[in-house]
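J.: Pasting the feature list from TrEMBL:
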TRANSMEM  A:38-63  transmembrane segment
TRANSMEM  A:83-104  transmembrane segment
TRANSMEM  A:136-160  transmembrane segment
TRANSMEM  A:180-203  transmembrane segment
TRANSMEM  A:224-244  transmembrane segment
Amino acid sequence: MFYLDDIGRYFLMLKNTFSRMTKGSVLRSLIFKEINDLVIGSVGIIIFLAFFIGAVVAIQTALNLTNPLIPKKLIAFASRQSVILEFAPTFLSVIMAGKVGSFITSSIGTMRVTEQIDALEVMGINSLNYLVFPKIVAMLMYPFIIAIAMFIGIFGGYVAGVYGGFVSSSEFITGLQEEFIPYHLVYAFLKTFLFAFLLATIPSFHGYYMRGGALEVGKASTSAFVWTTVVIIISNYILTQLLLS
Amino acid sequence: MIEVKNLHKGFNGEEILKGITTSFKRGKTNLIIGTSGSGKTVFLKCLLGLFAPEKGSIIYDGKVYSELDEEEQRGLRESMGMVFQGSALFDSMTVEENIMFPLRMFTKQKKAEMLDRANTVIDRVQLINANKKLPSEISGGMQKRVAIARAIVTRPNYLFCDEPNSGLDPKTATVIDNLIQEITEEYDITTVINTHDMNSVMEIGEKIIFLRYGNLEWEGDKSQIFKTDNEAVTDFVYSSNLFKKVRNAQLKGL
């Protein structure tokens, strides 16, 4: 019953987020600020993670290809498929649930504790629209950093595979181009858009409805990370079943 | 003027406000006093429209809040200013941006006009060299001044203050009390202050209501509160050692 209550409140929050819009000029500056905080601020860590994930996938694949009949270009194929289908959209979103999610929960939670949300409400401002809507719009840019992550991940695989002596450069490039299914990119970006929405809204929910003081802000950040991860993993399974099988 | 008629409010089956009827006059500083848990904050949040009463009505200059549609309620809220206990300043904005915030939200003024208006209220609350500072870079007393400036920048009809001098030293607290009273008279607004500070009561209590267990136990002004024979009020007023000594001295004719 407790979880059903929370699920209901989450959807009511979404409904209120899209009602009584904040003044356009104010909203525009808030959206740019959120893009900077949530998306641009995550580019560095995303590039770092994606490079090494791609590199590790290439090495793992190479080390498991012991049969000389299996062509080495399969290293590139495995790197491409793993990075595009799962590692960039899903694995990095789970990490972003920690980085972006806890930032959103703690910033909104602190505003709740220090009565800043009450101040907005007293002024007649729809605090949900003011606080959550710009984050949702900003996270529409999230697929762009996931696209960068896909490129960097495959590049990491190339560096590890070629400079590690596992595969030649031409074989790797051939493997990358072989049996490429463009629909896999559609699938990857569809789920990235959904994860972006979840990354903006679930932590906002935990921050907005928290009660208490500084300790509770910390607890809310933790539970926001856990629940965002759980929902991302479950929706990843459902989307994969629906779109790929 | 704000009129409150038979106001009831509860949470989870527990009744917090048990039928409060009173009124707050324009141009006067109205104080709500009472011990912790007496329902002061809930009452103030009902007046602000943050809590919907279960029974009874709140009437703002002839407009019954519960009978207004959503748009009218929002319009009424825009005519309210609030000073929160912890100031509730937006910590990512500078002092100037905090004060201009209601103007940015509700007016179509150009930036220069907003700055001009902000500087007028900054001068009024005597904030010196703080325009570009963040709230975390100024003292508690200055934060209260910023909160007051933000509350009055749109020239509200109603000003609500929740324990405006909590956490301040006695001298700064008196300055803030006097500032609120001056602004109330100057802007001719209805001011309601939630406090349990007896110094505020003595300084600015033009109308005082005393809440106890969610009931309106007593109402009067600062000259009457020290003469009342209501036991609960007397207990509250003379709970501080200083006031006890003053009272004992008065009784002994010293």
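Placement of Cβ uses the backbone N, Cα and C atoms for every residue, glycine included.
TrEMBL: automatically predicted annotations, no manual curation.
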J.: Where, among A:38-63, A:83-104, A:180-203, A:224-244, do we find the most CB pairs under 8 A to the transmembrane segment (A:136-160)?
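T.: Between the stretches A:38-63, A:83-104, A:180-203, A:224-244, A:38-63 has the largest tally.
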J.: Where else in the chain does the transmembrane segment (A:224-244) make close Cβ contacts, counting only residues six or more beyond its ends and a cut-off under 8 Å?
T.: 90, 93-94, 97-98, 101-102, 104-105, 187, 190-191, 194-195, 198-199, 202-203, 205-207
J.: Should anything in the same chain at least six residues away from the transmembrane segment (A:83-104) have a Cβ under 8 Å from its Cβ atoms, list it; otherwise answer none.
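T.: Contacts with the transmembrane segment (A:83-104): 37-38, 42, 45-46, 49-50, 53-54, 57, 135, 139, 142, 146, 149-150, 153-154, 157, 184-185, 187-189, 191-192, 195-196, 199-200, 202-204, 207, 221-222, 224-225, 228-229, 232-233, 236.
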J.: By Cβ distance under 8 Å, which residues at least 6 away from the ends of the transmembrane segment (A:180-203) in the same chain are close to it?
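T.: Beyond its ends, the transmembrane segment (A:180-203) has Cβ neighbours at 10, 13-14, 17, 38, 80-81, 84-85, 88-90, 93, 96-97, 100-105, 108, 132, 135-136, 138-140, 142-143, 146-147, 150, 221, 224-225, 227-228, 231-232, 235-236, 239-240, 243-244.
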